[in-house]
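Database features, via TrEMBL:
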type     : residues : note
DOMAIN   : 55-549   : domain 'K+ potassium transporter integral membrane'
DOMAIN   : 561-823  : domain 'K+ potassium transporter C-terminal'
TRANSMEM : 52-72    : transmembrane segment
TRANSMEM : 92-113   : transmembrane segment
TRANSMEM : 182-204  : transmembrane segment
TRANSMEM : 224-243  : transmembrane segment
TRANSMEM : 250-272  : transmembrane segment
TRANSMEM : 297-317  : transmembrane segment
TRANSMEM : 329-349  : transmembrane segment
TRANSMEM : 374-399  : transmembrane segment
TRANSMEM : 420-444  : transmembrane segment
TRANSMEM : 456-477  : transmembrane segment
TRANSMEM : 484-504  : transmembrane segment
TRANSMEM : 510-530  : transmembrane segment
Amino acid sequence: MNSNLFGDLAGTQFYSAILLWTGRVELNSGLLMDPDCGNCWRSSKKDSWKTTLLLAYQSLGVVYGDLSISPLYVYKSTFAEDIRHSETNEEIFGVLSFVFWTLTLVPLFKYVFVVLRAHDNGEGGTFALYSLLCRHAKVSLLPNRQVADEALSTYKLESPPETKNSSWVKNLLEKHKSLHTALLILVLLGTCMVIGDGVLTPAISVFSAVSGLELSMSKEHHQYAVVPITCFILICLFALQHYGTHRVGFFFAPVVLTWLLCISALGLYNIFHWNRHVYQALSPYYMYKFLKKTKKGGWMSLGGILLCITGSEAMFADLGHFSYTAIQIAFTFLVYPALILAYMGQAAYLSKHHQLHSTYHVGFYVSVPESVRWPVLVVAILASVVGSQAIISGTFSIINQSQSLGCFPRVKVVHTSDRVHGQIYIPEINWMLMILCLAVAVGFRNTKHMGNASGLAVMTVMLVTTCLTSLVIILCWHKPPIMALAFLLFFGSIEALYFSASLIKFLDGAWLPILLALILMTVMFVWHYATIKKYEFDLHNKVSLEWLLALGPSLGIARVPGIGLVYTDLTSGIPANFSRFVTNLPAFHRVLIFVCVKSVPVPYVPPAERYLVGRVGPPAHRSYRCIVRYGYRDVHQDVDSFESELVERLADFIRFDGSRSHHNTSPSIEYEGSHSGESTGECRLTVIGTVAFSGPPAYEMEGSVEPTSVSVGFETVESMTDVIEMEPPIRRVRFAIDDESENDERLETDLLVREELEDLWAAQQAGSAFILGHSHMKAKQGSSLFKRAAIDVGYNFLRKNCRGPDVALRVPPVSLLEVGMVYIV
């Protein structure tokens, strides 16, 4: 793929601004993405380390807020019920050893050194892994895949050649559709658990921070103060979400940095003041002694120990906002040492206070000297708010990705920043999260149940990531399956051990993420299943182009002024809802555009490659097809800018097609059916970007210009839709006319192009109408009980109670024409 396009794309569109100390710093043209190393930021050699360190600093507030506050509740959750701290210190030293090795093996070795490399054009997270797998193997259930999509510069495939073993695994996955479904269910499970974590993390973080009041208040007072104060902070946190992270994000990194320095200093103080030999507990031998003494109780207490890695997934999920090196530096040299010192300090304090057996005295704040307890409490509350904000923003992002890939009902997505890409706010999800967070805080009222619930959600996400990364190692990196199996068994066994300890706490809070995941997975799977069935119905019931071309005054069909934008999921053919529209209202617009807004399994689509434009029928019919491609993290434009840009791209296509028809010896209109044997009458689709076409390609260049894109051809295509022509570079041209006949031919072509453009501008001035299908789905007679329940009950309920396609596509109600359709699937 074209590296220049990819670099320009990264520098100009989706990483246009990154938050720094005062909120954000703009990326200039010297800071680009290197396609050879994914999201590796590069600038001049002089500034590269400075930029990396600034990104590492900023990642503290966005990535590590959740992970850094785990010392607030790990020991308290671990010693809540299953084990007790005794005078031998075997329990506290064993827990410290488990914490140390868990932090070392999972966040450091697994995420920093392996998983972060499995990025999708610099993007991380569950859907990034799924997107990578869908590009390297045909495992996606979405049926609208085109060969044209593979020409995208962001449709990057790994370079190592396939081995026999990896090819065997790939063929096995592609052959069995049940494995496609299983893979999707695995991805949806991880997604649902991330959303569940978005409910649990704010509750346990803020509650744990506020619980520090218990050491400064009497027991009678603090039990009536902690929950109300927690609820008040949570309400304020969710109420401020609509302002966007960039409005309050300028203090995120300083708060987390202050918190990390604070717990490091407290840890060092406690180590030197209480027990300088606590470092001996880092030996794995203490884990053995711990399990030998505590037996089943020690195994069950692992559900509290695993909370020390809560938030590790954020390192991968938020990779797109930072570089691999920046996240690596921040964790390795600051976050990891600070957390280890904090846990060692708490263990050192507890090792000299054997009389403190109750859970009440095993919390974080008992190890804080009384003279600094109030300042630490304030910093802890601020840090918990930052950590909560990070997971809330992540929940919005993953729901938006799910919606883009047809796995979530339509919701309103508000982009809160024009300068910082990817910062979104979803109103209905925000208020649902707030209600659930308040219910968790009020219902559980202790870190024990919250910790059990949060631990299960976290460990499930990590297990899903481990499984998907194993497939990436085989299918994308083309490594031997034995390496993937070793990765899966080593890290999977560790996570399975913690998962089992969390699952055994089902009645003590772990039921909550399971219930949330069950509900969300049902909603997402039903919506995805119905979306596929609806697309298949449209595909089998599309109308032939001959029917459209036959419509005319002889049949009583009138062409009215204006532009008709017919929205459809089809990438070829005439949708059935348009035929229903013409049947009931025998008129359609002078300019007709069949618009398909399509999601592609890449994080971003460059603006210059977003629009695929072609004709539907001869030029005189004034009918066109436009496929608008978005990645799963792209920002969808509002309707005003979208309509204007669509018309501009259509005008560019008309100019380009005119120049192409003049210089081609073959007819200017090459139909889609010319290669497939079908007479569909559709032109080949052309990539039309932001470059304006000023004339035919016969020119003399003034100065040297570097091309921004190349023509891409395919040896074997099923239709002309699969032939992509990239736009020529911007050039200043001087036309060279050799003879009079060529001049006359060009003048004639220019007149036709000018006439077509005038019709387009006139239609735009007359107004646009957006023609959308209003669908009602019904299962066929004789369908299974599951299908009837999913379609007749589940999907139709969601369709009626969620936002319609007009809201998702931002169609103005005054210009909306809805066509009722009944889908029998």
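Positions of Cβ are set from backbone N, Cα and C atoms, glycine also.
Note that TrEMBL annotation is computational and uncurated.
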Among the ranges 297-317, 484-504, 510-530, the one whose Cβ pairs under 8 Å to the transmembrane segment (52-72) are most numerous: 297-317
Highest-contact recorded stretch vs the transmembrane segment (92-113), from 224-243, 329-349, 374-399, 484-504, 510-530, CB pairs under 8 Å: 329-349
Integer average pLDDT (0 to 100) for the domain 'K+ potassium transporter C-terminal' (561-823): 71
Highest-contact recorded stretch vs the transmembrane segment (250-272), from 297-317, 329-349, 456-477, 484-504, CB pairs under 8 Å: 329-349
Close approaches to the transmembrane segment (297-317) from elsewhere in its chain (Cβ under 8 angstroms; 6 or more beyond its ends): 62-68, 70-71, 73-80, 82-83, 94-95, 98-99, 102-103, 106-107, 111-112, 115-116, 124-126, 194, 201, 290-291, 327, 331, 339, 343, 387, 390-391, 394, 397-398, 451-452, 454-456, 458-459, 461-462, 465, 497-498, 501-502, 504-505, 510
Long-range environment of the transmembrane segment (456-477) - Cβ separation under 8 angstroms, sequence gap at least 6: 106, 110, 114-115, 118, 126, 129-130, 132-133, 136-137, 157-158, 160, 165-166, 169-170, 173, 183, 186-187, 189-190, 193-194, 196-197, 200, 303, 306-307, 309-310, 312-313, 316, 483-485, 487-488, 491-492, 495-496, 498-499, 502-503, 505, 510, 513-514, 517
Same-chain residues near the transmembrane segment (484-504), Cβ under 8 Å, at least 6 residues beyond its ends: 102, 105-106, 110, 114, 299-303, 305-306, 452, 455-456, 459-460, 462-463, 466-467, 469-471, 473-474, 510
